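Chemist: Just dropping this structure here.
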Amino acid sequence: MFSKHDQIRGYDDELLAAMDAEEARQEDHLELIASENYTSKRVMQAQGSGLTNKYAEGYPGKRYYGGCEHVDKVERLAIDRARQLFGADYANVQPHSGSSANAAVYLALLNAGDTILGMSLAHGGHLTHGAKVSSSGKLYNAVQYGLDTATGLIDYDEVERLAVEHKPKMIVAGFSAYSKTLDFPRFRAIADKVGALLFVDMAHVAGLVAAGLYPNPIPFADVVTTTTHKTLRGPRGGLILARANEEIEKKLNSAVFPGAQGGPLMHVIAAKAVCFKEALEPGFKDYQAQVIRNAKAMAEVFIGRGYDVVSGGTDNHLMLISLVRQGLTGKEADAALGRVGITVNKNAVPNDPQSPFVTSGIRIGTPAITTRGLQEAQSRELAGWICDILDHLGDADVEAKVATQVAGLCADFPVYR
């Protein structure tokens with residue numbers, strides 16, 4: 001029999017030590033991975049609740065198990081809040097991740113072998129947009145578009161040319177490392193020209209969209225997916241949204257369950273509901289506006305210090321920095337910055353001469369540092385420290401100085417006060 005007073009401490013101290021070390025790392029490092037953020041303690045409370053015990057295959061009011069009357073209310077709250085937040089008619093809150101949400105969209109609306117047109121992973125797209133190593137590139141005939149090498153921007157004329165040539169059943173708009181604003185009306189026009197469905201993966205910018213600071217794809221897309229973490233600051237999970245379309249809604253629901261998943265994670269759905277409520281608060285827009293201001297401030301410093309920011313700057317929360325001119329690799333930069341308490345991720349740049357395990361760039365995002373409370377002044381300072389490390393790669397004295405500066409900034413701006 002379990003006790004309500006059971007604790008990990010004293011029972012599994014080996015595991016607890018690793019958990020505590022990770023929490024300490026989050027407090028003592030400046031997190032600049034664009035896809036990472038910190039959740040509120042409310043979100044964590046929901047994920048650690050008794051809802052983790054409940055199986056609830058099916059949908060509210062149509063479950064395959066009894067005893068679902070309370071979790072039905074939880075899921076309906078999450079659905080209603082998601083619809084309100086994004087102005088959608090339909091929301092499915094059950095996908096376990098963004099990738100599983102994307103897989104469900106393909107399963108719902110495509111047949112194996114159908115052609116999809118998505119952004120190349122090498123140019124800032126995502127694995128699930130047709131990369132050959134992904135199921136999206138194995139099950140479907142994936143054609144890829146990319147950036148204009150001269151401007152660093154999506155070449156919409158090339159997207160249209162590829163669409164006319166290959167006649168895709170679905171066009172995928174979305175990215176994992178693109179710092180400019182997507183032209184959803186142009187994507188819609190291209191899709192209509194060739195009779196394709198338009199699928200938008202807004203995982204990286206969902207928080208900006210919710211705040212009204214980035215164009216909302218809902219009016220233009222046939223279906224939209226997102227993660228619920230990243231800029232939304234919720235639990236790790238997925239979400240599918242759409243305008244009213246009974247046929248598509250039915251296909252999407254069936255693709256998620258029973259097509260791709262079994263029982264939903266009700267404790268995570270509760271945490272999603274909390275996250276959506278937080279995002280509906282007036283202060284959420286202020287937070288997202290600061291995310292963008294911080295990103296722009298950092299990009300200005302990098303450009304001023306002679307670093308190439310792909311696409312020439314940023315309109316959102318992230319930037320991709322090419323290190324080709326400096327003769328550095330992303331792997332080297334990632335490791336050096338990690339030694340001083342700054343966490344980034346190595347990332348391929350367009351036409352990258354290095355392998356995906358080495359790369360010639362780093363991706364930087366501001367959602368997490370903005371959650372800590374950093375503003376433009378601290379963001380510029382931080383960008384300068386990054387340049388100092390990269391300008392003097394491997395210099396122990398520079399690393400020691402920056403590590404001290406990072407520790408001071410972390411102490412001044414704790415994640416949880």
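Note that Cβ sites are derived from N, Cα and C of the backbone, with glycine treated the same way.
OK, Swiss-Prot features for this one:
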BINDING   LEU121, GLY125, HIS126, LEU127, SER355, PRO356, PHE357  (6S)-5,6,7,8-tetrahydrofolate binding site
SITE      HIS229  site 'Plays an important role in substrate specificity'
MOD_RES   LYS230  N6-(pyridoxal phosphate)lysine
Chemist: By a simple count of other Cβ atoms within 10 Å, which of HIS126, LYS230, the recorded positions in the record, is least packed?
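Modeler: Comparing Cβ neighbours within 10 Å for the recorded positions HIS126, LYS230, HIS126 has the fewest.
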Chemist: Could you state the CA-to-CA distance between PHE357 ((6S)-5,6,7,8-tetrahydrofolate binding site) and LYS230 (N6-(pyridoxal phosphate)lysine) to the nearest Å?
Modeler: 23
Chemist: For the binding-site residues listed here, GLY125, PRO356, which shows the highest count of neighbouring CB atoms within 10 A?
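Modeler: Counting every other Cβ within 10 Å of each candidate, the maximum falls on GLY125.
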Chemist: Rounded to an integer, what is the Cα-Cα distance in Å between GLY125 ((6S)-5,6,7,8-tetrahydrofolate binding site) and HIS229 (site 'Plays an important role in substrate specificity')?
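Modeler: Pair distance, Cα basis, whole Å: 18 Å.
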Chemist: Ranked by the number of other Cβ atoms within 10 Å of their own Cβ, which of the binding-site residues LEU121, LEU127 ranks first?
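Modeler: Answer by Cβ density within 10 Å: LEU121.
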Chemist: For PHE357 ((6S)-5,6,7,8-tetrahydrofolate binding site), just count the other CB atoms lying within 10 A of its CB, please.
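Modeler: By my count, 9.
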Chemist: Whole-number answer please: how many Å between the C-alpha atoms of LYS230 (N6-(pyridoxal phosphate)lysine) and HIS126 ((6S)-5,6,7,8-tetrahydrofolate binding site)?
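Modeler: Each residue's Cα considered, LYS230 (N6-(pyridoxal phosphate)lysine) and HIS126 ((6S)-5,6,7,8-tetrahydrofolate binding site) end up 15 Å apart.
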Chemist: For HIS229 (site 'Plays an important role in substrate specificity'), which residues in the same chain are close in space, meaning a Cβ under 8 Å from its Cβ, but six or more apart along the sequence?
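Modeler: Residues satisfying the criterion: SER35, GLU36, ASN37, THR39, PRO235, ARG236, GLY237.
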Chemist: Sorted by position, what residues of the same chain at least six away from SER355 ((6S)-5,6,7,8-tetrahydrofolate binding site) have a C-beta under 8 A from it?
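Modeler: When sequence neighbours closer than 6 are ignored, SER355 ((6S)-5,6,7,8-tetrahydrofolate binding site) has nothing within Cβ distance under 8 Å.
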Chemist: Could you tell me which three-state DSSP class LEU127 ((6S)-5,6,7,8-tetrahydrofolate binding site) falls into?
Modeler: helix
Chemist: How far apart, in angstrom, are the most distant Cα atoms among the (6S)-5,6,7,8-tetrahydrofolate-binding residues LEU121, GLY125, HIS126, LEU127, SER355, PRO356, PHE357?
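Modeler: That value is 17 Å for the farthest Cα pair.
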Chemist: Hey, does DSSP put HIS229 (site 'Plays an important role in substrate specificity') in a helix, a strand, or just coil?
Modeler: coil
Chemist: Going by DSSP, is PHE357 ((6S)-5,6,7,8-tetrahydrofolate binding site) sitting in a helix, a strand, or coil?
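Modeler: Assignment for PHE357 ((6S)-5,6,7,8-tetrahydrofolate binding site) reads coil.
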